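Asks: So TrEMBL says this about it:
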type: DOMAIN; residues: 1-58; note: domain 'Fibronectin type-III'
type: DOMAIN; residues: 64-159; note: domain 'Fibronectin type-III'
type: DOMAIN; residues: 163-252; note: domain 'Ig-like'
type: DOMAIN; residues: 259-353; note: domain 'Fibronectin type-III'
type: DOMAIN; residues: 359-454; note: domain 'Fibronectin type-III'
type: DOMAIN; residues: 460-557; note: domain 'Fibronectin type-III'
type: DOMAIN; residues: 561-646; note: domain 'Ig-like'
type: DOMAIN; residues: 657-751; note: domain 'Fibronectin type-III'
type: DOMAIN; residues: 757-817; note: domain 'Fibronectin type-III'
Amino acid sequence: RESDHRAWTPVSYTVTRQNATVQGLTEGKAYFFRIAAENIIGMGPFTETTKEIVIRDPITVPDRPEDLEVKAVTKNSVTLTWNPPKYNGGSDITMYVLESRLIGKEKFHRVTKEKMLDRKFTVEGLKEGDTYEYRVSACNIVGQGKPSFCTKPITCKDEIAPPSLDLDFRDKLIVRVGEAFSLTGRYSGKPTPKVTWLKDDIVVKEDDRTKIKTTPATLCLGILKSVREDSGKYCVTVENSTGSRKGFCQVNVVDRPSPPVGPVIFDEVHKDHMVVSWKPPLDDGGSEITNYIIEKKDAHRDLWMPVTSATVKTTCKIPKLLEGREYQIRIYAENLYGISDPLISDEMKAKDRFRVPDAPEQPIIKDVTKDSAVVVWNKPYDGGKPITNYIVEKKETMATRWVRVTKDPIFPSTQFKVPDLLEGCQYEFRVSAENEIGVGDPSPPSKPIFARDPIAKPSPPVNPEAVDKTKNSVDLSWQPPRHDGNGKIIGYLVEYQKVGDEEWKKANLTADSCPETKYKVTGLTEGLTYKFRVKAANAAGESEPAYVPDPVEVKDRLEPPELILDANMAREQHVKAGDTLRLSAVIKGVPFPKVSWKKEDHEVSPKADIEVTGVGSKLEIRNTVHEDGGIYSLTVENPAGSKTVSVKVIVLDKPGPPRNLQISEVRSDSCYITWMEPEDDGGSVITNYVVERKDVASPQWVAISSSSKKRSHMAKYLMEGTQYLFRVAAENQFGRGPYVETLKPIKAIDPLHPPGPPKNLHHVDVDKTEVSLVWNRPDRDGGAEITGYLVEYQEDGADEWTKFQTVPMLDCVVTGL
C-alpha cells in the first residue's frame with residue numbers, strides 16, 4: 001500500500017518462491033509491503049515491512065569522468081578539462097577530485113583540497129622540466145567513483161602551436177561608396193602570432209579613415225566612409241615561428257558610373273534624324289553599365305526631351321527632328337547603383353550633309369564581240385555616302401534614247417559585260433553611280449564601237465599522229481588548236497604527200513567535211529610511204545599546217561587475234577530448257593579475224609542466230625531444248641594467228657522416258673513392276689519415279705506411287721480377274737518426263753500349273769475288245785478347273801502310248817483293243 005493510503009493492494013497469489021518482484025510502482029512514492037504464507041488449510045498471518053520504502057533507482061558511486069584533456073602547458077602550469085561521467089550513480093555530482101603523479105613516483109596526490117565542481121582547472125607552481133600524469137574522479141552522496149583514464153605524461157615547458165585563423169567575412173564583399181566596412185576574425189597560436197594586413201600586396205597603414213585593431217585573440221580592419229579606391233584584394237596574414245595562415249577578401253566599393261566619355265560624335269546628320277555615338281565611362285562604378293539614357297533639346301529652348309532609356313550600345317539614332325533647327329544631345333550612363341552625370345554634345349543643325357555621287361569619267365570599252373562588250377569605268381566621288389550601285393546604259397549611235405543594260409545591281413565591280421548586242425550595230429555607253437541619297441549624273445558617253453567579233457586565223461592543230469592503217473588507208477588523229485582566233489573552228493583540212501614528191505594532195509576538199517579531230521585518208525597505194533599534215537580553219541581562214549612526225553608506210557597492220565570472254569563463256573554454262581542460250585566474246589585483231597562457231601566439231605544448229613560485229617561475236621539460241629546442250633567452240637583467225645575457246649553447255653530439262661518396263665510375278669491381287677533409268681536424265685539428278693495403273697475398261701489413270709526412288713514397285717490391291725495397264729515416268733528438279741507404258745494388259749490372276757495325276761485308276765469290266773475304266777479326281781487342279789481327262793493305252797511290251805480320247809467325266813470305255 002502507498003504510505004498515505006490505508007488499503008492494501010494484492011500483488012500476487014501464486015508465489016511459491018521466497019522472493020517476488022513488484023511492478024507498476026510510481027517513482028518517488030513511498031510504499032509499505034506485507035506477505036503471508038498459505039497452505040491447503042488456509043492463510044497464515046501477514047508480516048509487514050517496518051518502515052516505508054521510497055521508489056527510486058539504486059544509488060551507486062558515479063562512473064569515471066570522460067575525455068580528460070590537456071588544454072595548455074607552460075613551464076610552470078598545466079590546464080586540464082574533462083566531461084562529466086556518463087552516469088552519475090543516481091545522485092548529483094557533488095565535486096571532482098583531481099590527482100597527479102610525478103613520473104618516477106608510485107602514488108597519486110590530490111592537487112587541491114578545495115571542493116571543485118568546475119570541469120576545468122589549471123595546476124600552477126610546477127617545476128620546469130618535471131613530467132606528470134593526471135587523473136580525475138567524480139563524487140556523489142555515496143562516495144568517490146573510479147578515476148578517469150590517465151593523461152599522457154606531460155612535461156612542463158612553454159608550448160608551441162601553429163597559427164589558426166577564423167574569419168567572419170566571405171571571399172567577396174560589395175560596399176556602397178560612403179559606407180563603412182570592417183573585416184574581423186579570431187586567431188590563436190603559440191607563441192602569439194604577428195598580424196599583418198595587405199591590400200593588393202601593399203601593407204595597409206592606419207590613417208583618418210583606416211583603423212586596425214588587434215587583441216591577443218581577435219583582429220579587425222575597419223574603413224570609414226569608403227571610396228572607390230578602397231576596392232581591391234585584402235589579405236590578413238597571421239604568422240609565428242611555426243608557420244603562417246592567410247585570409248583573403250575581394251572588396252568592391254561600388255558607385256554610380258562616371259559620365260560617358262566625349263565628345264559626342266555625329267556619325268550621320270539628316271534633315272529629320274541624326275545618328276550619334278560616344279565612348280563608355282572611364283569608371284563604370286564597379287558594376288557593368290546596364291543602360292544609357294539619351295535626351296535631346298532644341299538649342300534655343302530649355303526643355304530636354306527623352307529619346308531612349310533602354311540601350312546598352314554606345315550609338316543611338318535621334319529621330320523626329322525639324323529641318324534647320326539646332327539640337328543638343330545629352331547622355332547619362334546607368335548601373336545598378338545609380339545614374340552618372342551627363343555628357344552634353346555641341347550644337348548640331350538638322351540638315352542633309354550628303355549628296356548623290358559625282359558623274360564617273362568617260363568609260364572605256366574592251367573585249368567587243370558580235371553580241372557583247374565589256375564597259376570599264378573609274379569610281380567617282382561618292383557624295384559622302386557609300387556607293388551602293390552603278391547604272392550602265394547603252395544606245396545606238398544614231399538613236400536618242402538611253403536604255404539600261406540590266407535591272408540587277410552592279411556593285412562593287414567597276415566593269416560590266418553588256419550582253420544582247422545586235423551584230424553590226426554601233427553603240428555608245430554611259431555609267432551613273434547611286435548611293436542612298438539617290439542617283440548621280442551620268443558619265444560622258446564612251447567612244448562608239450561596232451558589235452562584231454574580232455577574228456584571227458587559228459593556231460595549228462596539236463599533236464597530229466597516225467593511229468591506224470590498212471593496205472590502202474591511214475587513220476589520223478589530232479587535238480584542237482590552242483587558239484581559235486576568237487572564231488569558231490569550222491573544220492580541218494587534211495593533206496598527204498608521197499615521199500619523194502613535192503606536191504601535197506588534199507584528202508578532203510572543204511574544212512566543214514571534217515569537223516572532228518580525226519580523219520581516215522583512203523585511196524592510198526599499198527606499200528608506198530606517205531607524209532601527212534593537218535590545218536584548222538575558221539571564218540578568218542586556214543591555220544599553219546601541223547605535220548605528222550614520221551612518214552607512214554601503207555600496209556595492213558597485223559595483230560594476232562585476241563578473245564576477251566564474257567561471263568557467259570565460262571567453262572560450263574547451264575541454261576533451262578525453253579530459255580535463251582547466249583554466248584558472246586569481245587574479239588580483237590588486225591585485220592579483224594574470221595569468226596566461226598562449232599558444236600562438237602560440227603556446224604551449229606540452223607536455229608542458232610550468230611552475229612559478228614567489228615568488236616566481237618554473239619551466238620544466241622532461243623527456246624532451248626535438251627539436244628542443244630554440248631561443247632560449243634569459238635575460233636577466230638587472221639593472218640597473224642588463231643585462237644579457240646570452248647564452253648560446255650548443259651540444257652537442263654525434264655528427263656526422258658524410263659526403259660525396259662517389265663511386269664512379273666502376277667497374282668490375283670498384285671504384280672511386280674521393274675524398269676531401267678532413262679537414257680537422258682535432263683542434265684539433273686532424277687529425284688523420283690511416278691508409277692500409275694489403269695483398268696482397261698476405265699479412261700482414268702490412278703497413281704500408285706509418286707515418290708519411289710527405286711526402279712521397281714510392287715503393285716498391290718488389284719481386283720482379281722481385272723485387266724490392267726501400267727506406266728512409269730521419271731522426275732527431276734525441272735519436271736516430269738514422258739511415260740513409258742506396258743504394251744498389253746496384264747490380267748490379275750494367280751499363275752496356272754498342270755493338274756496332279758488322277759487317283760485310283762482301275763477297270764470295272766473287261767470284254768474281248770474293250771475295257772471299262774474308272775478313277776478319282778486328282779489331289780490338285782493346278783489353279784484352274786479341270787476341263788477333261790486324256791486317256792491313253794499301251795500294248796504290253798511296246799514303248800509308246802497311244803492316245804484314245806479326252807473325256808470330261810471320271811470314267812471311260814476304251815474300245816478297239
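Heads up, the Cβ atoms here are built off N, Cα and C, so glycines get one too.
No curator has checked TrEMBL annotations; they are predicted automatically.
What's the neighbourhood like for each of these?
Replies: DSSP places the residues of the domain 'Fibronectin type-III' (359-454) in helix, strand and coil in these numbers: 0 helix, 37 strand, 59 coil.
Summarised as a single figure, the pLDDT of the domain 'Fibronectin type-III' (460-557) averages 91.
Residues of the domain 'Ig-like' (561-646) grouped by DSSP class, helix first, strand second and coil last, total 6 helix, 53 strand, 27 coil.
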Asks: Looking only at the recorded stretches 259-353, 359-454, 561-646, 757-817, which one has the largest tally of CB-CB distances under 8 Å to the domain 'Fibronectin type-III' (657-751)?
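Replies: Looking only at 259-353, 359-454, 561-646, 757-817, the most contacts with the domain 'Fibronectin type-III' (657-751) come from 561-646.
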Asks: Quick one: DSSP breakdown of the domain 'Fibronectin type-III' (259-353) into helix, strand and coil?
Replies: 0 helix, 50 strand, 45 coil
